[in-house]
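Remarks on the structure that follows.
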Amino acid sequence: MEGKEEDVRLGANKFTERQPIGTAAQSQDKDYKEPPPAPLFEPGELSSWSFYRAGIAEFVATFLFLYITILTVMGVVKSSTKCSTVGIQGIAWAFGGMIFALVYCTAGISGGHINPAVTFGLFLARKLSLTRALFYMVMQCLGAICGAGVVKGFQKGLYENNGGGANVVAPGYTKGDGLGAEIVGTFILVYTVFSATDAKRSARDSHVPILAPLPIGFAVFLVHLATIPITGTGINPARSLGAAIIYNKGHAWDDHWI
């Protein structure tokens, strides 16, 4: 067939190489056309089951994310010595690993946001409508609250005595330090999401969509590794809000604005 014809040529390394010719060669040089921006309001979504299914997926994913990660934090905090627990590295792996798994599971349903900051960034880029963005954010926050609530329900004493996984600026750091760490950390995450899910790369390399959860999860791991000692690592407003609401003690709200 014409689109699959190949021409044998001498490559730069002096070995023959096959290059597509004809229509196949032309298709490689075509400029990628960006899809049209999502409409600001899309009332038709409200009558679609896929819209609500996506919201449920975000709720479940954020619920599981908070449940596993806060349990990990509780296990580390209650330990008397660093050698008897997974430490900061283990917490970072729990956050990064859960994001990797949950993005992989929900990408085909909701896009695998699991984070209002990611949803807001994609909305600003006109990748989704305002209706869907608001619905996702509400479901993410509800999922986070429920996830933290289940942890408290299972181990109330341990939860309340060890900070409840709430984000606070650690002693020795200023609020400015915490704000800077959160801004940079959130930027790294959102930048990685945009790069890993870039439609132009996906069209050129078929393996990119499959591998997208890996760099996203790894970025979350690295950001947590760097900023857990500063703020406990927010970078996810739903995660911070859920832990603060369920813990609901003074210091959990003092630095919540960061």
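Residue positions begin at 1 at the first shown residue.
Quick reminder: no glycine exception, Cβ is built from N, Cα and C everywhere.
Going by Swiss-Prot, these are the annotated features:
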- 1-55: topological domain 'Cytoplasmic' (TOPO_DOM)
- 1-37: region 'Disordered' (REGION)
- 56-76: transmembrane segment (TRANSMEM)
- 77-89: topological domain 'Extracellular' (TOPO_DOM)
- 90-110: transmembrane segment (TRANSMEM)
- 111-133: topological domain 'Cytoplasmic' (TOPO_DOM)
- 134-154: transmembrane segment (TRANSMEM)
- 155-175: topological domain 'Extracellular' (TOPO_DOM)
- 176-196: transmembrane segment (TRANSMEM)
- 197-209: topological domain 'Cytoplasmic' (TOPO_DOM)
- 210-230: transmembrane segment (TRANSMEM)
- 231-258: topological domain 'Extracellular' (TOPO_DOM)
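Listed by sequence, the residues of this chain that lie at least six past the ends of the transmembrane segment (210-230) yet keep a Cβ under 8 A from its Cβ atoms are 88-89, 91-93, 95-101, 103-104, 107, 112, 169-170, 173, 177-178, 181-182, 185, 188-189, 192-193, 195-197. Note: the topological domain 'Cytoplasmic' (111-133) comprises 13 helix, 0 strand, 10 coil (DSSP; helix = H, G, I, strand = E, B).
Beyond its flanks by at least six residues, the transmembrane segment (90-110) meets 53-55, 57-58, 60-61, 64-65, 68-69, 72-73, 76, 136, 209, 212-214, 216-222, 224-225, 228, 233 of its own chain at Cβ-Cβ distances under 8 Å. Away from its own ends, the topological domain 'Extracellular' (231-258) comes close to residues 62, 65-66, 69-70, 95, 114-117, 137, 140-141, 143-149, 151-152, 159-160, 163-170, 173, 175, 178-179, 181-182, 185-186, 189, 220, 223-224 of its chain (Cβ-Cβ under 8 Å, at least six residues beyond either end). Note on the topological domain 'Extracellular' (231-258): DSSP counts are 17 helix, 0 strand, 11 coil. Nonlocal intrachain contacts for the topological domain 'Extracellular' (155-175), taken as residues 6+ away from its ends with a CB within less than 8 angstroms of a stretch CB, comprise 66, 69-70, 73-74, 77-78, 148, 229-234, 240, 243-244, 246-247, 249, 251-252, 254-256, 258.
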